[in-house]
Amino acid sequence: MTKLRVHELAKELGMDNKELLDILAKKKVEVKSHMSTLEEQVTDTIRSEYAKKKAENTEDGAPKKKTIVQVFRPQNSKSGKMQNGNRQGQRPQNGNRQGQRPQNENRTAKPANQGQNTQGVAAAKPQSNGVNGSRPQNAEQGQRRNDRPQGGRFNNNDRNDRNDRGGRFNNNDRNDRNDRGGRFNNNDRNDRNDRGGRFNNNDRNDRNDRGGRFNNNDRNDRNDRNDRGNSRPQGRQGQGRREDRDSIPAPMVEQQKTQRNKAKDKEKDYKKKELRDGEFENKGKKGKKQKQVAEAKKPQKPQPKPVEVEEEIKQITIPEVLTIQELADKMKIVPSVIIKKLFMQGKIVTVNQEIDYETAEEIAMEFDVLCEKEVVVDVIEELLKEDEEDEADMVKRPPVVCVMGHVDHGKTSLLDAIRHSNVIDREAGGITQHIGASVVEVDGEKITFLDTPGHEAFTAMRMRGASSTDIAILVVAADDGVMPQTVEAINHAKAAGIEIIVAINKIDKPSANVERVKQELTEYELIPEDWGGSTIFVPVSAHTKEGIKELLEMVLLTAEVMELKANPNRAARGLVIEAQLDKGKGSVATVLVQKGTLHVGDAIAAGSAHGKVRAMMDDKGRRVKEAGPSQPVEILGLNDVPNAGEVFVGCETEKAARNFAETFIAQNKAKLLEETKSKMSLDDLFTQIQEGNLKELNIVVKADVQGSVEAMKQSLLKLSNDEVVIKIIHGGVGAINESDVTLASASNAIIIGFNVRPDATAKDIAEREGVDLRLYRVIYSAIEDVEAAMKGMLDPVFEEKVLGHAEVRQTFKASGVGTIAGSYVQDGIFERNCSVRLTRDGIVIFDGPLASLKRFKDDVKEVKAGYECGFVFENYNDIKEGDLVEAYKMVEVERK
Ligand SMILES: Nc1nc2c(ncn2[C@@H]2O[C@H](COP(=O)(O)OP(=O)(O)OP(=O)(O)O)[C@@H](O)[C@H]2O)c(=O)[nH]1
């Protein structure tokens, strides 16, 4: 055993160095300072004496306080060196604060005797406490404890209570240490725990023991020590609780502190535990451990974060179209990772490349991220949303009817016959081009007719959301039967859920075959009633007016069955049927009121246009003050030309109308951007690449009325094929102006004007910029021209054109040139850059370019039939006399 120093012994005995120095002085033991070493004999004597004194002291309890307070602080500092911050902090407290500690470190420890740990701790603590500063406390109880045999205690650890321990401590002197030694030898883990306790509190005296212990413990002890940290308190608590509570005021300070820090401590302890478990597994070396623990504390907080974040990005919400950068941002990764991944898959993308949802989803899946499509709220749809109306407010309204059918089957004539008016004469080219509406009265009941133009293009016109018509009259010429546009009309009507009434027209014609038409229509599920079906068929003649009345009656009957109703007493709402810009009147819009009543002076909004109804005219051109459900009226007062098919809504104030229009404009802009974006999608790009050189024909359409713009757009878009895609980059009403031309110029587009002319500036710019500007009065011509233009754009079709034939008569070899075939041109002509086909016995042995064509020594442009010449074939020298040479070239031929 090593000799103890004064301060070590003082500590062990729980007294001041000075106190011990005094004692030593009294005993005439010469020591210079608290660092002086003491003979074992002296230490033993003092120990035994002090123990006795302590025992006596505990009776009056007075010295305790002082001792404890003094002892604790040095302990703290010491333990601080040996342990990690937290533990240090706690340990010392433990000594005093037993009561609280347990809470922090180990709740299970509260009961005095708790399983093994407690036992172990009990066994160990006492020592440590005995040796260390806790002693005083123990000493307090010591009397009781003292009675108990230590050995017994150790052997029967479980039951030993704190008193025992305390006793032990009190009695402990060196033997104690010996005991400990023995204990340690016998104890395994628990001992280590105990040791830990000791270490924390120990001063040098313990080092002997510790030495042994350390040797044994080595690295493993680290963990144990940590455990010790936990277990010790248990023991201590047990030990100290009563003692402290009873007698020591000082710990109260600590207690308060502890309470304040309770939460923190708890947290720290848990963290520490976690860390320790993880860390110590990997760490073996003593020196590093403390650092590691300390370091581990820092990263501990951020540690759980990344885990959470990962979970968060497991699902992302992305829009329909986004860039690689945006996707990467959403996925919280750097875009280069995505780019790399796609590159590995053979796809070359850039950060700003836009991809569609599906592609983005595929990419995200590769990174184990789930995608969800962003729900795009259609603000306009939301604005236009309406609640169900009360049935009680509804009154009967006239049916809205449209006339559909194949070209020239007599739609206009029929409508004309119905209206008793002659519309047909007013139309350029004899084709219905405008959408209008009219109201006819039959037996006191009204029917509203929408003029649906017969041309295919017009059938594609769509209304926003709501269907404009209730009943469709399908006109089929009795002499012509079902034609492509008849089928298209049927499909349109069916898709819109419109009732179909078939009007078999031209029955006055001798070639009329009503039954054939009926028969043909059965294929499209239009079965006449007399054949057991449910479709009304009315044979009519627009010319003779035969069947017109029946047709109208059938319309009314169908309408009655449909129970068409609307509430006239509410703000008006309906559809824009047609709109145009009039020089004198400004924006003129034909609207169909569907619900409510529209009055002059009402504020309305229709798409991008808004305003106050200045004046209203009915279908006969009469001024009206109001228009109820199913009534078409022409209105003046809008600030802009709305699109045909747009919903118009009556607003309470002009401001509300303006807001509506502004919202519409804003959304449309966004939509346009989105559309433009999506066209540049990755998906598209790949398709384009796959398809080869995909070409786009950009077109700007300007027309006199919105309906024609729409018609033109639809017709032109249909011309798109695999090789050329038609893109209507702009469509509008009015004269072709400067901005149309600049737009066309910038996007390499052609301008098609329908019933409009360019203004002077536009004309100049178009000429200067070389913009192709075409003006038409008939839609057909425009479409024909575009078709032709498209043919010009299409890749030319090449055909082989045989130029002539020659026979090889002789061959020559020329160095640096190869074999020259001296030939005779039998027919046609041989041109310098033509291709040749060399045949021998009917088998083609060479097919390729003619490298050189010579007459004697000179290169010539061509050699005609009847002349001799020399051929050199490119990279081919196996030429024999008698071989036949065919000259040909590929020429571009016009597409059919
Ligand atoms: N004999 C006879 N001819 C008719 C009848 N109805 C129309 N036609 C003729 O058929 C041709 C086409 O009539 P339209 O009314 O212009 O036909 P549409 O379907 O409106 O034609 P688009 O406007 O071009 O779609 C005209 O020459 C009419 O005179 C009819 O009942 N009997």
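Using the three backbone atoms N, Cα and C, a Cβ is placed for every residue, glycine included.
Note: TrEMBL annotation is automatic and uncurated.
Annotated GTP binding site per TrEMBL: 405-412, 451-455, 505-508, in sequence order. Its Cβ taken as reference, Ile507 (GTP binding site) is surrounded by 22 other Cβ atoms within 10 Å in the chains shown.
If you look up TrEMBL, you'll see 73-82 (among others) marked as compositional bias 'Polar residues'.
The annotation compositional bias 'Low complexity' is assigned in TrEMBL to 83-103.
The compositional bias 'Polar residues' annotation in TrEMBL covers 111-141 (among others).
The domain 'Tr-type G' feature in TrEMBL is assigned to 396-565. Along the domain 'Tr-type G' (396-565), the predicted structure has mean pLDDT 80.
The region 'Disordered' feature in TrEMBL is assigned to 52-308.
As annotated by TrEMBL, region 'G-domain' applies to 399-547.
When the binding-site residues Gly405, Asp408, Lys411 are compared by the number of other C-beta atoms lying within 10 angstroms of their own C-beta, Asp408 comes out lowest. For the recorded site, Gly405 (GTP binding site), the DSSP three-state label reads strand. Mapped onto three states, the DSSP output places Ile507 (GTP binding site) in coil.
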